[in-house]
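Record features (Swiss-Prot):
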BINDING   L529, G530, A531, G532, A533, S534, G535, V536, V537, K553  ATP binding site
DISULFID  C297-C315  disulfide bond
DISULFID  C309-C327  disulfide bond
DISULFID  C329-C345  disulfide bond
DISULFID  C391-C413  disulfide bond
DISULFID  C395-C401  disulfide bond
DOMAIN    22-149  domain 'Bulb-type lectin'
DOMAIN    293-346  domain 'EGF-like'
DOMAIN    354-433  domain 'PAN'
DOMAIN    523-797  domain 'Protein kinase'
SIGNAL    1-19  signal peptide
TOPO_DOM  488-813  topological domain 'Cytoplasmic'
Amino acid sequence: MVALLLFPMLLQLLSPTCAQTQKNITLGSTLAPQGPASSWLSPSGDFAFGFRPVEGNTSFYLIAVWFNKISDKTVVWYAKNTDQDPSIVEVPSDSFLQLTNDGALSLKDRSGQEGWNPQVTGVAYASMRDTGNFVLLGADGTTKWQTFDMPSDTILPTQVIPCNKTRNKSLRARLDIDDYSSGRFLLDVQTDGNLALYLVAVPSGSKYQQYWSTDTTGNGSELVFSETGKVYFALTDGTQINISSDAGIGSMADYFHRATLDPDGVFRQYVYPKKANAGILGGETWTALSMQPQNICHAIVSDVGSGVCGFNSYCTFDGTRNQIASCQCPPWYKFFDEQKKYKGCKQDFQPHSCDLEEATALAQFELRPIYGVDWPLSDYEKYEPIGQDDCGRLCVIECFCAMAVYNQSTSTCWKKKLPLSNGNMADYVQRTVLLKVPSSNSSQFMISTSSNKWKRNRKHWVLGSSLILGTSILVNFALISIFLFGTYCRITTKKNIPLSQASSKSQLPLKTFTYKELEKATAGFHEILGAGASGVVYKGQLEDELKTNIAVKTIHKLQPETEKEFMVEVETIGQTFHKNLVRLLGFCNERAERLLVYEFMTNGPLNRLLFDNSRPHWNTRVHIALGVARGFLYLHDECSKQIIHCDIKPQNILLDDNLVAKISDFGLAKLLLTNQTRTKTGIRGTRGYVAPEWFKNIGISTKVDVYSFGVILLELVCCRRNVELEVVDEEQTIVTYWANDCYRSGRIDLLVEGDDEAIYDIKKVERFVTVALWCLQEDPSMRPNMLKVTQMLDGAVAIPSPPDPCSFISSLP
C-alpha cells in the first residue's frame, strides 16, 4: 500500500517538467525549443529562463527570462550577441542550450556549431531565482554571470545598474513591441553620474540627443529598483532621486513589478495583479504607475533623426492610462509599413516635379490646413512679415516645399521640405500647417483659393505663362464656371430660401442632399440617436463606396426661429474644420424640409459616457477635456470670425470611436465680426451651464463659453452632473459650490474619492479644478480666454490661486 502511494510521487520527481523548478540547475542540464524541457523555472514558478517563441514568427526563438504566471508571458530579458554586436540571439528550432559538464552555458545547433555563450567558464551550477535573475555560480557560490548585470530593456525589483562602463549596462528599448531588435531609445547610467534618456541611431546605437535626465554628477551613482517597488537614482552622497513610484497600491506580495524602456522612448514602471481580478486599477493587465518623461511627444525635438515617430509622421497620445505614443500620417500620406510605423510615412501621390511651370503647379496642387500639429526644425526658408495667402502660394509653386507653417500673430511663414521630423500633436500649437497635396475640387480640407487676392495673383501668373498653357487654363476655368453655374441654378431652384451667402462664406464645399436621398439613407428615419427642442437626430448610411455612417438632424416645425437656427448651423460649422468639431457633410433645404447631415460619432454624447455606472479612466477624461478646450480655442481665436457656441453641455460634445471629443450643435451660435468683442442676444443655452451675464442687460462675449467649459471641466473631474439632488451630503448638491469648498479647504481629493487613477495624479486634478474655478468667475473680465485655459490645462504656464467665485450659480432659477 505504501509503495502504491509513493509511486505517483516518484513519477512526479522524475518528470522533466517538474525537474525544471528545482532551485539549482546542475551541470549537464539541457533545454530545447521544442523539446519536453524548454525552460527552467524559479522555485515559485513566477519566472522562467529558456526558449521563448516570438509572436508572429515561427522561424526562431529567443533566449529569454519572462514572467511565467501571467497570460502574456512578458519578457524582461533576452540574450544579445556581444557588446560590439548588440543584436538579439536568434535561435533556430533545432538548437539546444546546455550547461555543459566542463562548466559553460552554450547554445549549439544540430551540427554542434556554437551560436552563443555568455563568455564565462568554471560554472558549477545555475539558478533561476524568484527575483527574475538567472545566475551562473561557481562551486563556492560566487556569481560568475547573471542577467541582472546584462539588462535588455527592463529592470526588476532588487536590480541595480551602476555607472556605465560598457554599453550593455544601459537599457536599450526594443524596435517595436514584437520586434526585439535594438530600438531607437537608450537609458544610460553615465560615468559622470547622470541618468539620461537618449534618441539613438538604428542599428548603430550612436547617441543623437538627450531628451530627459536627472542633471546629476558624481562617480558611483546607480539606478536602483528597490525590493519595496521604488525606482530611484542613488547618488554617492546618499541622495535619492525618485524616478517612479509604487503609488501605494499594494504590497510586493500582491503585484508583479517591472520598469521598462518602451519602444516609444518612455521609461515606465508597471504593476500586474498576482491574483485574478485583484487589480485596484482594473483587469489582468500591466498598468503604468508612472513614466519619464511625462509627455514624450513634446520631449523630443532633435536636430538629427526623425524624433519620436518616423519621418513625415507625427506623435500623439492614445488616451489610455499608460499614455502610449501613437504615430500618425498627415492627410495624403501613408505609412511605409503599417506594421512598423516607426519607419515613417511617404507621400501617397506623385510628388511635385521641379519641371512644372508656376501656373501648372498652382493648377495641380493645393494646400490643406492642419491644426494642432507641428514639425519643428524641418524648415529651410522663413518669410516675415507676410500674409497667409502669399505664404501658401510660395509653397505651392516651389517643388522643394512639402508644407508651409503660418503664424497669424507674428505674420511669419516657414517653408518645410521632406523628410519632416519631430512631428507632434500639441495643445499649445497656435500655428497653422498648410500641407501641399494634389488639387481636388471636392476636397474638404482645401484652403479657399477664391479670395480676391489669390485670384488677382493667379491672373498675373497665368498671363505670365506661355500662350498655350494660358489658353488651356482659361478653357478649364470656363468649363468649371459653367459647371458651378449649372450646379448653382439646380440648387436654387430646389430651395425656398437662398443659401448662397452661407456657402460663399464657407471654405468647405457642402454636399446638397435631396429629401429622398436622406429618407433612403436613414431607412425611412427609423433609428433615433437623440432628440432636442428643434428636431430629432437619426442614424443613416450613405450609398458611397465606404458605406459612410451619418447622423441626420431634422428641423421640425419650420418657423422663423428654427429657420434661423438652420441657417446659423450651416453658416457656422460649414466654414470650420477642426479635429475637435463635428464635421457637417451637407444639408437638405428642399421646400419645407430642413435637414443637416453630420459625420457619425460612434460613442455618442459625453453625458452617456460620463454619467454611466462605470467611471471612464482618468486619462480618458483628461484627453476629452483637452480636446474640448482645443475646439473652443479654434472657434474663439482661429476662425476668420469668432464663433460663440452659446449652448455647450455634455449632450453637445460627441465622441468618436477613439473617444476624441468633438463639439456639436451650433444652432444657437453667434458670429462676431472682426471688430466685435460682444454681441446682444436673448438668453440662450441650458440651465446649469449658462454664464451669469445672460441674466443681465449686458452684451455677451466668448467668455460665456469659457464659463460653460468650467462647469463641464468639473463634471469631467468628478464624473457627476453639475446638479445632483440625490446625494447624502447636501453640500455636494451643486458641483461648482462643492468644488470651490474643497479647493478652499485643501481637500481636492474628496472630488475624486474612490478614483485611484485620479488620486495618483492628484496634482493634475488640482490644476484642472483651479482652471475651472477661474472659468467660473462671475465677472467675465476675470475669466481667462481659451488660449490661456489650454495653456493652464497643459501645465505650460503657472496658475495663480483664483478668487472665491461669487455665489451666483446659474443652475438655480
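Cβ coordinates come from backbone N, Cα and C, glycine included.
Distribution of Swiss-Prot features across the structure.
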residue	record	DSSP (3 states)
C309	disulfide bond	coil
C315	disulfide bond	strand
C327	disulfide bond	strand
C345	disulfide bond	strand
C391	disulfide bond	helix
C401	disulfide bond	coil
C413	disulfide bond	strand
L529	ATP binding site	strand
V537	ATP binding site	strand
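Taken residue by residue, the domain 'Bulb-type lectin' (22-149) breaks down under DSSP into 3 helix, 56 strand, 69 coil. C315 (disulfide bond) counts 26 other C-beta atoms within 10 Å of its own C-beta, drawing on all protein chains shown.
Counting Cβ atoms from all protein chains shown, C309 (disulfide bond) has 29 others lying within 10 Å of its own Cβ.
Taking C401 (disulfide bond) as the reference point, none of the recorded positions C315, C327, C391, C413, V537 has a C-alpha atom within 10 Å of its C-alpha.
Cβ contacts within 10 Å of C327 (disulfide bond), excluding its own Cβ and spanning all protein chains shown: 22. The most densely surrounded of the disulfide-bonded residues C401, C413 is C413 (count of other Cβ atoms within 10 A of its Cβ). Between the C-alpha atoms of C327 (disulfide bond) and C413 (disulfide bond), the distance comes to 26 Å. Comparing C-alpha positions, C345 (disulfide bond) sits nearest to C309 among the recorded positions C309, C391, C413, L529, V537. Using a 10 Å Cα-Cα cut-off from C309 (disulfide bond), none of the recorded positions among C391, C395, C413, L529, V537 qualify. Look at the disulfide-bonded residues C329, C345 and count other Cβ atoms within 10 Å of each Cβ; C329 has the fewest.
Using a 10 Å Cα-Cα cut-off around C315 (disulfide bond), the recorded positions C329, C391, L529, V537 reduce to C329.
The Cβ of C391 (disulfide bond) has 24 neighbouring Cβ atoms from other residues within 10 Å, across all protein chains displayed. Looking only at Cα atoms, C297 (disulfide bond) sits nearest to C329 among the recorded positions C329, C391, C413, V537.
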